Amino acid sequence: MSGHPSTYEPKYAATKWMDQRLPIIRMGADFMTYPSPRNLNYWYTFGAILALCLVVQIISGIILAMHYVPSIDGAFASVQRIRRDVPFGWLLQPMHAVGASMFFLAVYMHMFRGLYYGSYKAPREVLWIVGCLIYLVMMATAFLGYTLPWGQMSFWGATVITGFFGAVPIVGESLQQWLLGGYAVDNATLNRFFALHYLLPFIIAGLVGLHVWALHHVGQNNPIGVTEKTKSDTLSFHPYYTVKDAFAVAVFLLIFAFFLFYQPDALGHADNYIEADPMKTPAHIVPEWYFLPFYAILRAVPDKLAGILLMGGAIVVLFVLPWLDTSKVKSLRFRPVARGFFLIFIVMCFVLGWCGAGTPDDVALPFGSKMVDGVSVDSGLTFYRLSQIATIYYFAYFLIILPVLGLVEKPIKRPDSITQSVLGDKKHEKTA
Amino acid sequence: MSDTLDTNEHIDEEKRDFIFIATGAVAAAGAASVAWPLVAQMGKAADTLAAGSIEIDLTKIAEGQQLKTLWRGKPVFVRHRTAKEIAEAEAVPLSDLKDPATDDSRLVANPEGKVDPKYLVMVGVCTHFGCVPVGEAGDFDGWYCPCHGSHYDTSGRIRKGPAPTNMAIPPYAFISDTVIKVG
Ligand code: FES
């Protein structure tokens, strides 16, 4: 679908004048008439939802920055002041914090959609890799931002995460202190985290530009993974998908509003209402929910460096996925065996999240009980063992299952065209 | 005619090459000299480096108590160990340790050159990911890190859990019989 010919005709003198100098109106008009596959379902609306999330985060973030004090003496109090005294601060601060959760919710949907319909396969590898980069920068941004309120979880989260760099052989300690700007997480760290947290969203916006450019260059994938062949396979982006996206955005905003107005703290951790104290660690350190699966992978091995490498590998593997999945068929709709493994993969991601939230030595799945010091306690699978099982599956899915299945699985027959899959054979014969 | 032209072109190209190389070399040197300050500014500032040392009066710590104080943004533990804790620390065979060190090697001698096993001074930071371990807890009577479950003994040595090394001993010295200077 590359080189979609422009149909824009400037009507007025002013638009003609502009079109000759900077054809930005033409660009917008072409965007609106972009031919999109006619069978895109609601899983494809998360792109628009994500664009909205980014805008919400940037606007609410700029406003919060106007009231926030990036110093270890003022940070905690300034955030509390925003929530209590600044006009509409009660709305804007949770909008930013809940918004981060909503952003990750949407990006996970978008990614699972891509995995299911094979959106990473040729010719969309670069599109996929840019997407992975966006996700990586989002993670960095979220981590830096979570540090800013300077609560107990902020402080200790930052200590633990920057501690990863200390595990690097030989240069670890110097590297960590260079990143922190001191011996420990302190004022210098807070200042630079604030500066970077303000910068990275604009990098994300730039990457999103590249992501959409690549998307429009190669054309959108679709639920059957069959390329558009005729004009009847496509629909103009506006009004067909603008309406569909707008409806999905409205539903998404209802969920957002529910959390924002009724449960603004449900997705955070209560310990972040205690000001950071470098002398006292909270009993149980956990990251935000959207990092829990990676946290579980980190803790699944008893070795510091190996844990970090494994956790990093869980993300690196996404970047090389286009070359790991050997199947020619894009959509899992036509790969029943792969679909089964994919469903288990999703379950395992949730299991990892559950393990990340739990205490490693606690029993996750009790299989009876045993006697310890005369009292009977549950015995069974601990979170530690469970996270090992799920971690193995996570990597096996990418490194073994997808490469092997692509070679041995026999996919079921795909429709010849998008029009045929939408209208069925009979209708297709009539129109043909 | 064409010969002379060729010669001229040849000379021009040499000049051009020289200018390219010379400009490139200056640009590379310039870029490097700007890049270094950009990287180095992230390091510890002079005031951070300077705020380095504190004095601690050991007589204020009763037997069985621990003093916790902030040094370089990190807690320092000074524990006045009980006879039982000292005995436990000394009884551990080195072969049981993940990061072998004798109890004595973790202490600093006083002005008379004697090590006093009563006072244990450590950086109170778990060597796993930097949480602050809780005292008088864990399977070895020493410290327990709640973050990922590392157990330290009464000498602050790692005994169980993911932490790779013993809790660190900060640089310190006795400035009198009862006062130490850390840093
Ligand atoms: S930080 Fe202490 S066990 Fe992980």
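Glycine is no exception: its Cβ is also placed from the backbone N, Cα and C atoms.
Under the heading heme b b562 binding site, TrEMBL lists A:HIS96, A:HIS197. With a cut-off of 8 Å between CB atoms and residues at least 6 apart in sequence, the same chain places A:GLY61, A:THR141, A:LEU144, A:GLY145, A:LEU148 near A:HIS197 (heme b b562 binding site), listed in sequence order.
Neighbour count (other Cβ atoms within 10 Å of the Cβ, all protein chains): 21 for A:HIS211 (heme b b566 binding site). Residues or ranges marked as heme b b566 binding site by TrEMBL: A:HIS110, A:HIS211.
Marked as ubiquinone binding site by TrEMBL: A:HIS216. Under the three-state DSSP scheme, A:HIS216 (ubiquinone binding site) falls in the helix class.
The domain 'Cytochrome b/b6 N-terminal region profile' annotation in TrEMBL covers A:14-224.
Per TrEMBL, domain 'Cytochrome b/b6 C-terminal region profile' is recorded for A:227-416. Model confidence over the domain 'Cytochrome b/b6 C-terminal region profile' (A:227-416) stands at 93, taken as the mean pLDDT rounded to a whole number.
Per TrEMBL, the feature transmembrane segment maps to A:42-69 (among others). Taking Cβ pairs closer than 8 Å, the transmembrane segment (A:42-69) reaches residues 75, 77-79, 81-82, 86, 89, 92-93, 95-96, 99-100, 102-103, 106-107, 109-110, 113, 116-117, 145, 148, 194, 197-198, 201-202, 204-205, 208, 220, 222-223, 241, 244-249, 252 in its own chain, all 6 or more past its ends.
Beyond the transmembrane segment (A:90-111), the same-chain residues lying 6 or more positions past its ends with a Cβ under 8 Å from any Cβ of the stretch are 43, 46-47, 49-50, 53-54, 56-57, 60-61, 63-64, 79, 82-84, 131, 135, 138, 142, 145, 252, 255-256, 259-260, 264, 267-268, 288-290. What TrEMBL lists as transmembrane segment is A:90-111 (among others).
The feature transmembrane segment is assigned by TrEMBL to A:126-148 (among others).
Taken from TrEMBL, the feature transmembrane segment covers A:155-175 (among others).
Beyond the ends of the transmembrane segment (A:195-215), by six or more residues, the same chain brings 51, 54, 57-58, 61, 65, 124, 126-127, 130-131, 133-134, 137-138, 140-141, 144-145, 148 to within a C-beta distance below 8 angstroms of the stretch. The transmembrane segment feature in TrEMBL is assigned to A:195-215 (among others).
Non-local neighbours of the transmembrane segment (A:246-263) in the same chain are 42, 45-46, 48-49, 52, 91, 94-95, 98-99, 101-102, 106; each lies 6+ residues outside the stretch with a CB under 8 Å from one of its CB atoms. The annotation transmembrane segment is assigned in TrEMBL to A:246-263 (among others).
What TrEMBL records for A:305-324 (among others) is transmembrane segment.
Positions annotated as transmembrane segment by TrEMBL: A:336-359 (among others).
The transmembrane segment annotation in TrEMBL covers A:391-408 (among others).
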Among A:HIS110, A:HIS216, the most crowded of the binding-site residues [Cβ within 10 Å]: A:HIS110
Candidate binding-site residues A:HIS110, A:HIS211, A:HIS216, pick with smallest Cα gap to A:HIS96 (heme b b562 binding site): A:HIS110
Alpha-carbon spacing, A:HIS216 (ubiquinone binding site) to A:HIS110 (heme b b566 binding site), which is rounded to whole Å: 17
